[in-house]
Amino acid sequence: MANSMSFLLLLSLLAFAPLCLCHNNVEGYLYPQFYDYSCPQAQNIVKSILAKYVVEQPRLAASILRLHFHDCFVKGCDASLLLDSNGGIISEKGSNPNRNSARGFEVIDEIKAALERECPSTVSCADILTLAARDSVVLTGGPSWEVPLGRRDSRDASISGSNNNIPAPNNTFQTILTKFKLQGLDLVDLVALSGGHTIGNARCTTFRQRLYNQSGNGEPDSTLNQYYAAYLRTRCPTSGGDQNLFFLDYATPYKFDNSYFKNLLAYKGLLNSDQVLFTMNQESAELVKLYAERNDIFFEQFAKSMVKMGNISPLRGPRGEIRENCRKINA
């Protein structure tokens, strides 16, 4: 009788136990424990190397976050952006959104090299970039979250996808929202993820039209604070100075917080794609107000939206590969 009771108890425990995805060859799943057995130090290695770089170059945190965003919006989060041109591959690094602005590749290279020494052919470049994006946010004072893992790396790139799918600084609100929806993201994700612009820089060439000729009539953007515009003109002239850098969030440029949204309320969003979140859609404007008032709610939603973006069309199971070098496909 005692044996039968023990057996029934075991069955009941198994029935309510969560599914254990303990091996990294389970096809179709992303889950935070993916490397717990195959490379238990993976996450620590990613964060420690990234932290070293961010201390020396604080701007790199935003650069890594941007790489992840630009990777996921083209064929999914598959590290296609990290590939150099080679053979039949035309690198996404040369696309309009990435040319002369995508940076931080050397950080990913060093992380990958360390992981190859620790656990060869195990951790994908796609997962490295996803983890590094999360850690970039944490290292600058933002929220943390568990990153689902198990992505594999693509064997090709799409420069046309990079040119067409990534929202541009001068896109209309509706165009930006459409590009998000094509990735399975919604308006809430759009506003929350745009808050990533609380860190980082933008070049003069990305917002010059707002200062001088927003609508083709030779007039500046009426939704840009005139005093802020006057300051921007001092280093962003009508011609020349294309590569001059400006903080996306002038208030706290190296701190991940909700100042970005407060700037929008004051009509001091740097990019057109920032300010339209407050001026061109009522639902979006209400979210901007909410996040400007409640940093905690912004952090919570940003983390949720980052997980959602990180789940865009990952390669899993037998698809893709684990690159030995993030810049090129395996031989």
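Each residue, glycine too, has its Cβ placed from N, Cα and C.
Predicted, not measured: the structure shown is a model, and the values here were computed from it.
Taken from TrEMBL, the feature signal peptide applies to 1-22.
Look at TrEMBL and you will find 29-330 tagged as domain 'Plant heme peroxidase family profile'. Per-residue confidence over the domain 'Plant heme peroxidase family profile' (29-330) averages out at a pLDDT of 97.
Under the heading disulfide bond, TrEMBL lists Cys39-Cys119 (among others). Taking a C-beta cut-off of under 8 angstroms and a sequence separation of 6 or more, Cys39 (disulfide bond) has the following same-chain neighbours: Leu115, Glu118, Cys119, Thr122, Val123.
Annotation comment: TrEMBL describes Arg66 as site 'Transition state stabilizer'.
Taking all protein chains in view, 21 other C-beta atoms sit within 10 angstroms of the C-beta of His70 (active site, proton acceptor). The active site, proton acceptor annotation in TrEMBL covers His70.
Around the Cβ of Val74 (Ca(2+) 1 binding site), the same chain contributes Ser80, Leu81, Glu92, Ala157, Ser158, Gly161, Ser162, Asn165, Ile166, each under 8 angstroms and 6 or more positions distant in sequence. The annotation Ca(2+) 1 binding site is assigned in TrEMBL to Asp71, Val74, Gly76, Asp78, Ser80, Glu92.
Using a 10 Å Cβ-Cβ cutoff, Cys72 (disulfide bond) registers 29 neighbours. The disulfide bond feature in TrEMBL is assigned to Cys72-Cys77 (among others).
Proximity of Cys125 (disulfide bond) to non-local residues of its own chain (separation of 6 or more, Cβ distance below 8 Å) is seen for Ala79, Leu82, Ile108, Lys112, Asp153, Arg323, Cys326, given in sequence order. Feature annotation from TrEMBL assigns disulfide bond to Cys125-Cys326 (among others).
Taking the Cβ of Pro167 (substrate binding site) as reference, residues of its chain lying under 8 Å away and at least six apart in sequence are, in sequence order, Phe73, Thr175, Ile176, Lys179, Phe180, Ser273. Sequence annotations record features per position, and here TrEMBL assigns substrate binding site to Pro167.
His197 (heme b binding site) has a Cβ environment of 24 other Cβ atoms inside 10 Å. According to TrEMBL, the heme b binding site annotation covers His197.
As annotated by TrEMBL, Ca(2+) 2 binding site applies to Thr198, Asp249, Thr252, Asp257.
If you look up TrEMBL, you'll see Cys204-Cys236 (among others) marked as disulfide bond. Applying an 8 A CB threshold to same-chain residues 6+ apart, the list for Cys204 (disulfide bond) reads Arg235, Cys236, Gly241, Asp242, Gln243, Asn244, Leu245, Phe246.
Those residues of the chain, other than Asp71, Val74, Gly76, Asp78, Ser80, Glu92, with a C-beta within 8 angstroms of the mean position of the Ca(2+) 1 site C-beta atoms are His70, Cys72, Phe73, Lys75, Cys77, Ala79, Leu81, Ser154, Ala157, Ser158, Gly161, Ser162.
Straight-line distance linking the Cα atoms of Gly76 (Ca(2+) 1 binding site) and Asp249 (Ca(2+) 2 binding site), rounded to a whole number, equals 28 Å. Take the CB of Ser80 (Ca(2+) 1 binding site) and look out to 10 A: across all protein chains shown you find 28 other CB atoms.
For Cys72 (disulfide bond), the spatially nearest entry among the recorded positions Arg66, Asp78, His197 is Asp78, judged by CA separation.
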